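K.L.:
Below you will find the structure I want to go over with you.
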Amino acid sequence: MSGAMLELILMATLDTLYMVGISGLVAAALGVPLGVLLYVTRPGQILARPALNGILGIVTNIGRSIPFIILMVAIIPFTRLVVGSSIGTNAAIVPLTIAAIPFVARLVEGALNEVSPGLIEAAQSMGATPYQIITKVLLPEARGGIITGLTITVVTLVSYSAMAGAVGGGGLGDLGIRYGYNRFNPVVMLITVAILVVMVQGFQSLGDTLVRKADHK
Amino acid sequence: MITLENVSKTYGSGPQAVHALKPTDLHVAQGEIYGVIGLSGAGKSTLIRCVNLLERPTTGRVVVDGQELTSLGRQALNHARHRIGMIFQHFNLLSSRTVFDNVALPLELMGVAKREIRERVQPLLDLTGLSDKHDKYPAELSGGQKQRVAIARALASRPKVLLCDEATSALDPQTTQSILDLLKDINRKLGLTILLITHEMEVVKSICHKVGLISAGKLVEEADVGDFFTSPSTRLGREFLNAFLELDPPQALIDRMEAKPGPQTHPVVRLAFTGDAVSTPLISRLARDCNVDVSILEAKVESIQDRTLGLMIAELIGPQEKTQQALAYLKSHDLQVEVLGHVRRNA
C-alpha cells in the first residue's frame, strides 16, 4: 500500500472522528434539554404542559422518521445557512446533528422515566422547585441511563457518517465506498471497516466505563 | 400543630368520580404521635399527602404550625414544606448520593451554606446511628439503615412536624421495632409532632398517643391509644383489635355457636379487663356469687404502653337464669363484655 493511501486513510479517520465528535456534542447539548422537556411537561409531571408536550412529541417523531440520506439532502438550504456551504465535512455535521437531537431526546426521556416517581415526591415534600428537582434529582439519578443513551447515539453517528460522502463530507465510510467498492480495492475496504469496528468498540467501552462510575444502584 | 378542616379529595368528576377522602377533620396536638390506621385503599395515603399538599385537597383547609397551607402560593408553600419532614415506605433515597449527601439534600434545596451543612448533617447521622455510614451509597445499606437515612434527611431542615407514610411496612419486625424506637426517641428529644399512617396495629400500640381509624375515605373512630385498645367503639375497630390480639374462640366452638340463646345453651363471652378490674378476682367471685361454672377457653394479658389489658374468652355454664344473672354481674363491673354466641353443651 502506498504512503498516499495511508495518508488518505488517516485523514478519513480524523474526518469521521471530527464529524461524530462535533455532531455528538451539539446533539447532546440540545437533545438532553429536549429530552428533559419531553419528560417534565408530560401530563401529571412537575411542569405538566400537555399541549406543549404533544407538539414536542410530534416534532421529535418527525425528526426520527425521516431517513438520514433524505434528511441530508432536504435540509441543504439550512445547512448552507449555518456553515456557509452545502458540501464538505462541515456541511455533513449539520444533518448529522439534526438527526441525532431527537434520537438523544427520546433516549434521555426514557432514562428519566426510569427514575422512581417516589424520588420526585420526596423532593417535592422537601420544598424543591421544579428546577431543583431536574438538576438535583432527575438528572443525577438518570445519569447512567443518559450516558448509555449518548453512547448509543455516538455509535449510530459513526454509521450515519458513512453516508456523509453523499455531500462530499469525507470520512471512512466515504473512503470505503469510493476506493474499496467503486475501484475494487478490497484491502482499503477491509481497513476502513476494521477501523470503524475498533472505533465503535472504543466508544462502547468508554461509555460502559462511565456508566459504571456513574451508577450506584 | 396539624389541623385539617373539612378536607376531602375527589379524583375525576361526574359519575366516574372517586371519593378517595370524604370531608375529614383531624387535629394533632404539638408533641403528639398520632397514628392513622386502616386497610389498604381506605384513604390513608391520600390523607397524609393532603397534609403537605403533595395531594391538593378538593375542599377544606390545612393548617400546620399556625400557617394555612391551602392558601399559600407555590413559593411560600415550598418554604412551609421545609418545616414538614416526610418519610416513606420505600425510603426514596437518591441512589446517586452518599448517605451524607442524601441527608444534606434538603439543606442544599434551602440554600444553606456548605460549611453549615457539614455542621448540621453530622449530628443527625449520630442521632440516627449512622455515624460510620457517611460515604456509603444507599445500595450498600439494609432496609432499616435506609429508613434511618431517610429519617435523618427528614430532620435536616429542623421540621416541626414529621409525616410517616407506612414507614415500617417494608421492614421486618425486628427492624420495625428499632425504627419505632428511633421515632419515639426523636419525638421526646426534639418535641417533634408525628403523624403516621399504617396498617399495623403493632405500630400504633408501641408509639402512638392517639389513633384514628379510617375506612372508605372516612375517619370513623378517634381515641387515645389506651382507650382504643381496651374498648374500640366501632365494629371495624373491634375487628382490627381482635385480629391484632388473635383472640377468637376455637374454630370447633364457632362452628357450634348459635346466635340466639335457647334453654339448653350457654353463652360464650369475650371479656376485656382494664384498670382495677385486671387485678380483681372476678371469675372466682362469679362462680361463687352467681353459682355458674366458668370454663376459660383462652386468656392473655397485653400491655398497651402504660396500661394493662386482660382478655379472656369463656363459657358460662349453668341454668339460663343463672347465666343471665352472671352476665349482668359482669356488666356491672368495669370491664367489656361481649356475648359471642351460645353453644349447646354436649352432656
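The backbone N, Cα and C atoms fix where each Cβ goes, glycine too.
Heads up, here are the entries from TrEMBL:
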DOMAIN    A:13-205  domain 'ABC transmembrane type-1'
TRANSMEM  A:16-40  transmembrane segment
TRANSMEM  A:52-76  transmembrane segment
TRANSMEM  A:82-105  transmembrane segment
TRANSMEM  A:146-167  transmembrane segment
TRANSMEM  A:187-207  transmembrane segment
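Please go over these features one by one and say how buried each is and what sits next to it.
P.N.:
If one looks beyond the transmembrane segment (A:16-40) by at least 6 residues along the same chain, the residues whose Cβ comes under 8 Å of a Cβ in the stretch are 46-47, 53, 56-57, 60, 89, 92-93, 96-97, 100-109, 111-113, 130, 134, 138-139, 146, 150, 153-154, 157-158, 161, 164, 169, 171-173, 196, 199.
Residues 15, 18-20, 22-24, 26-28, 30-32, 34-35, 38, 59-61, 63-64, 66, 68, 71-72, 75-76, 149-150, 153, 156-157, 160-161, 164, 167-171 of the same chain lie 6+ residues outside the transmembrane segment (A:82-105) yet bring a C-beta within less than 8 angstroms of a C-beta in it.
A Cβ distance under 8 Å defines the sequence-distant neighbours of the transmembrane segment (A:146-167), meaning residues of its chain 6+ beyond its ends; these are 16, 19-20, 23-24, 27-28, 31-32, 68-69, 72-73, 76, 79, 86-89, 91-92, 95-96, 99-100, 103-104, 107-108, 110-111, 139, 173-174, 176-178, 196, 199-200, 203-204, 206-208, 210-211, 214.
Within the chain, the transmembrane segment (A:187-207) has long-range Cβ neighbours (under 8 A, six or more residues past its boundaries) at 1, 5, 9, 12-13, 16-17, 147-148, 150-151, 154-155, 158-159, 162, 172-173, 175-176, 179-181.
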